[in-house]
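Enquirer: Residues or ranges marked as Fe-coproporphyrin III binding site in TrEMBL: S55, Y124. The Fe(2+) binding site annotation in TrEMBL covers H181, E269.
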Amino acid sequence: MGTVSYDALLWLSFGGPEGPDDVMPFLENVTRGRGVPRERLEEVAEHYRHFGGVSPINRLNREAMAAVQQELAARGIDLPVYFGNRNWHPMVEDTLERMRSDGVRRALVFPTSAYGGYSACRQYDEDIERARAAVGEGAPELLKLRQFFDHPLFVAANADAIRAAHARLAGRPARTVFTAHSIPTAADAAAGPPETGGEWYSKQVFEAARLVAAQSGVEEYDVVWQSRSGPPHIPWLEPDIVDHIDALHEQGVRDVVVSPIGFVSDHLEVVWDLDNEAADRAAELGMGFARAATPNGDPRFAELVVELAQEHLAGGGVRKLSEAFPVAGCTLNGAPCAEGCCAPVRRPATS
Ligand SMILES: CC1=C(CCC(=O)O)c2cc3nc(cc4[nH]c(cc5[nH]c(cc1n2)c(C)c5CCC(=O)O)c(CCC(=O)O)c4C)C(CCC(=O)O)=C3C
Ligand SMILES: [Fe+2]
């Protein structure tokens, strides 16, 4: 570590539409070849239209990047930050081309997901590989930063957000519910190096929840899933957050704090699926509901990104809280962590 030098930091994210005309082309980019039924697409397009066809994700990424740029400067690190997405402009292929023409030869890549798994980790490797292939000759070397679900700064930001959400419920004894994006159970089974037995995505979400709960002083909590798509006969991680709110109500729970531990910013799955759908269900049932903030706006998030980068610069150490998982996700030029790690699961064609 610290022997190779880097010229830039590439902020690699999912992307989101920035106006009504972007919505369908964006959704087609996201779901190309993935067997998501047309009706699901129409339904999701409707969610975006509630916000004028604008996802907050690009703005939030730009804000976080500005904070990171400041934090780098404060630590005397000279590393320009570039922005590239998988599914919407600025597309990572175009950004990488610009980096090449700016003379960038080696860059660190920060993927905006904390976990392992195909959608959360390996697909970002594919983005890196595709972008380098698109640029061709002279494409910058790209080293992806590691998974950070157990980094003390990620855990601390989430723990404080949960404490603040509980405080908004005036100290009533609310149940804490952690939520992350559901994935097909077959994709979860394939998450992690094959010889480890898989399920790294769900197990890392449970591990992050355990660490955050402990730090926020929460004793009783649940881990649930959200934003499922795909044909109904394919099993995905369960229970769903909205069904779970029903179940808690039946058990006599009166207040819930929801922590979107699976996400780093308030993008559409958070502002629609949680702040509207889940919150509405709680309201219908007469339950109190407070959604914990995502880490994006917390100054510790910028520090986290800079620390992850510093692991590859002179003098940077590795801070992680989980002993259950090794450092993972950090590879060069889009290589998988190991042969078959987080391999994509073939999706059945839909009619
Ligand atoms: C694990 C995971 C993360 C977290 C890791 C990470 O952050 O990368 C994540 C993030 C996100 N997912 C997002 C949006 C969408 N995800 C979809 C579809 C899917 N997501 C999946 C998984 C995940 N997704 C999966 C298994 C599918 C099924 C199809 C497929 O296998 O690809 C679809 C298609 C319609 C639908 O089915 O919902 C959309 C529109 C946005 C942007 C939101 C915005 O615009 O603000 C973000 C940050
Ligand atoms: Fe998604």
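The chain as shown is numbered from 1 upward.
Every residue gets a Cβ built from N, Cα and C, even glycine.
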Enquirer: Validating a neighbour-count step here. Other CB atoms within 10 A of the CB of S55 (Fe-coproporphyrin III binding site): how many?
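Expert: There are 25 of them.
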Enquirer: Do you know which of the binding-site residues S55, Y124, H181 end up with C-beta under 6 Å from ligand 1?
Expert: S55, H181
Enquirer: Does anything in the same chain, at least 6 positions from Y124 (Fe-coproporphyrin III binding site), have a Cβ under 8 Å from its Cβ, and if so what?
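Expert: Listed in sequence order: L12, R86, V109, P111, S113, K144.
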Enquirer: Translate the DSSP assignment of E269 (Fe(2+) binding site) into the three-state scheme.
Expert: helix
Enquirer: Sorry to bug you, but what's the C-alpha spacing from S55 (Fe-coproporphyrin III binding site) to H181 (Fe(2+) binding site), rounded to the closest Å?
Expert: 17
Enquirer: Taking the Cβ of E269 (Fe(2+) binding site) as the centre, count every other Cβ atom within 10 Å, in any protein chain shown.
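Expert: Around the Cβ of E269 (Fe(2+) binding site), 20 other Cβ atoms lie within 10 Å.
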